[in-house]
């Protein structure tokens, strides 16, 4: 079962948000996965669709082929 990405609904799947996200009930709306304040993706963590979530000094690096992008040191 794939994790739920940022801003997508997590109704009935509160524990399935991707790493660094939590299920949050918005006022007058349904529950969505939102970033946990102060959280960032560490080196070599997958960052597909989360380019801005890498920790300081890292950037989301698109690997060749069909491999997923990862947070890598800024060169």
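Note: Cβ is positioned from N, Cα and C throughout, glycine not excepted.
Straight from Swiss-Prot, the features:
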type     : residues : note
DISULFID : 3-18     : disulfide bond
DISULFID : 10-23    : disulfide bond
DISULFID : 17-33    : disulfide bond
DISULFID : 40-55    : disulfide bond
DISULFID : 47-60    : disulfide bond
DISULFID : 54-71    : disulfide bond
REGION   : 3-71     : region '2 X approximate repeats with cysteine pattern C-C-CC-C-C'
REPEAT   : 3-33     : repeat 'Domain 1'
REPEAT   : 40-71    : repeat 'Domain 2'
Cβ neighbour count within 10 Å of residue 40 (disulfide bond): 16
Cα-nearest neighbour of residue 23 (disulfide bond) within the listed disulfide-bonded residues, 3, 40, 54: 3
Proximal but sequence-remote residues of the same chain as residue 33 (disulfide bond) (Cβ under 8 Å, at least 6 apart): 4, 5, 6, 7, 8, 10, 17, 18, 21, 22, 23, 24
Nonlocal residues around residue 54 (disulfide bond), in sequence order (Cβ under 8 Å, 6 or more apart): 40, 41, 45, 47, 60, 71
Tally of DSSP helical, extended and coil residues in the region '2 X approximate repeats with cysteine pattern C-C-CC-C-C' (3-71): 3 helix, 22 strand, 44 coil
